[in-house]
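**Q** Checked Swiss-Prot, it gives:
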- S30, G31, G32, L33, D34, S35: ATP binding site (BINDING)
Amino acid sequence: MAPTPELSPETLARHLAVLGPASGYCVAYSGGLDSTVLLHLMAALSAARELPLRAVHIHHGLQPQADAWAEHCRQQAAALGVDCLVLPVEVRRDSGEGLEAAARQARYAALASHLQSGEALLTAHHADDQAETVLLHLLRGSGPRGLAGMRAQRPLGRGRLLRPLLPWPRERLRAYGDTHALCWVEDPSNAHVAHDRNWLRHTLWPVLTQRWPDASRRVGRAAGEQAEAEALLRELAGEDLARHPPGPGLAVSVLARLSPARARNLVRHWLLMSGLRPPPRARLEQGLADLIRAGRDRQPVLTWPEGELRRYRDRIHRLPAGGPPPWPGPDREWDLRVPLVVPGVGVLRLVRADEGIAPSLIGAEGLSVGRRRRGERCQLAHDPGHRPLSKRFQEAGIPPWERDRVPILRRGEEVVAIANLGTAKRFTARPGYRLICEEHGPDGG
C-alpha cells in the first residue's frame, strides 16, 4: 500500500477535490482534537483560496461542561477568523436506542436542517474511527453494507456530508495539533469503557496496533472492498426491481423466482431506498419466506421496530411501524380550486380529463373530503347501478389497511368522486376533471 501523505492544507485540498465541488464548507466543530485540526486546516485553505467557510457546534447539554465547550468553540473559531454557530439540541432519552445513538440522531438532524444549498458539511472522522466502526459492525454480524464502514460522502439536507480525514490515522491528527499548538477540549465520556467503541479504542485497539501498526489502513482497505461488494449488490437489486410489473410494492411472483439470498437482497435495498432500516437477518429470512409462501387469501405481516411488510394478493407492501396513519379527523371542506394536503394521506388535486367531475362544481358550496362511511354506496360514470364502496375497493386491489384512507369527495351527503378510482355518474361531465391523490406514504408507488 502507498504511504499516507502528510496531513496539510495542500493534501486536504487535493482530497476535497476528489470528493467534488461545493458552494461552501461547514465544519462540524465539537471542540475536540479531531474537529479542531479539521477547522485549522480548513481555515488555512479558506484564507489561501477564498473558500466560504463556517463552523457549527452542537450543544447537546449532556455534560456539565457543555456551556464552557460552546464558548471555547466560539473563541477558537473567532481566532481563526471563522464564524461559529452554536445550535442547542434536545436529546430524547426515551428513544430506546441508547443515549449515544439518540445524541447522534439529534446532532445530524440539526446539522442537516441548517445546511445551505450545495454546501458541504465536513466531519472529522479519521482512519481509526473507520476501523473502529468496521470492527463494531463485524462483531454485530453485519453484512457488506455495515462492513463498508462510513462513506466518504453522502447526501445530507440540501447539501452533502463529507469525511475528508478518513485517509489519516488519529496519531497524524495529534501530531498536527501538537505541531501547531492547537487548543482543544477533552470529553470525559470518551474514557468510559462501558461503551463498546470506547472499550475497543482503549483496550483492544492498542493490542492490535502493537502487532499490526498499520491496522487502521488494513481495516480501511477491507472496508473499501466491502463497499465495492455492496455497490454490486445494490446494482443487482436495481436490475431485479426493474423486472417487477407496474404497481405498488414488490410482486410475490417475481420474488418467488429468485434465490432466497437474492430475494432478501432485493427487499433489503428496496427498504433502504424508502428510508426504512431493514430488519435483522434472521427476522428478514423467516419473515420474507412466510410472506412469499402464504396463500393469496392470507395477509401475513413481518414487523420490526422500524417498519412492517404486509402482503395483499400478489404484492408485498412496505409500511411504517404500526401501519399507516389513520385518516386525520373529521371531513375537510374543499372548494377544488387549489390542491388540498391531507396530512399522512397525500395531496388531492384535479387534473383535466376527457370525462370526470363537472367544471361547474369548482368553487361550489357544500363540498368536503373524508374517508368512507359504513355501508356507503355510489354509482360511478359507467356503472349500471349503485354499488358498495367496499366492493369497489376490493375489485380495485386496494389493500384493506388503505381502504379507510381513500379520499372521498362529497357534496352534502352524496359521493361526487373517489380519488384515483372515478366520478359519480350524477356529477360527471365531458370534458371534466379526475380527482387524484398523490400519496406521501413509503409505498406510494
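We number each residue from 1, going along the chain as drawn.
Every residue gets a Cβ built from N, Cα and C, even glycine.
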**Q** Within a 10 Å radius of its Cβ, which of these binding-site residues (G31, G32) has the fewest neighbouring Cβ atoms?
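**A** Comparing Cβ neighbour counts within 10 Å for the binding-site residues G31, G32 gives G32.
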**Q** Using the Cβ center of S30, G31, G32, L33, D34, S35 as the ATP site position, which other residues in that chain lie within 8 Å, going by their Cβ?
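**A** Going along the sequence, the neighbours come out as Y29, T36, V37, A124, W184, V185.
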**Q** Determine, from DSSP, whether G31 (ATP binding site) sits in helix, strand or coil.
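**A** The three-state answer is coil.
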**Q** Within 10 Å of the Cβ of S30 (ATP binding site), how many other Cβ atoms can be counted across all chains shown?
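**A** I get 21 for this one.
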**Q** Across all chains shown, how many C-beta atoms besides its own are within 10 angstroms of the C-beta of D34 (ATP binding site)?
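**A** There are 21 of them.
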**Q** Sequence gap of 6 or more, Cβ distance under 8 Å: name the residues on the same chain that satisfy this around S35 (ATP binding site), in order along the sequence.
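**A** Long-range Cβ contacts: V27, A28, Y29, T123, A124.
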**Q** Taking the Cβ of L33 (ATP binding site) as the centre, count every other Cβ atom within 10 Å, in any protein chain shown.
**A** 20
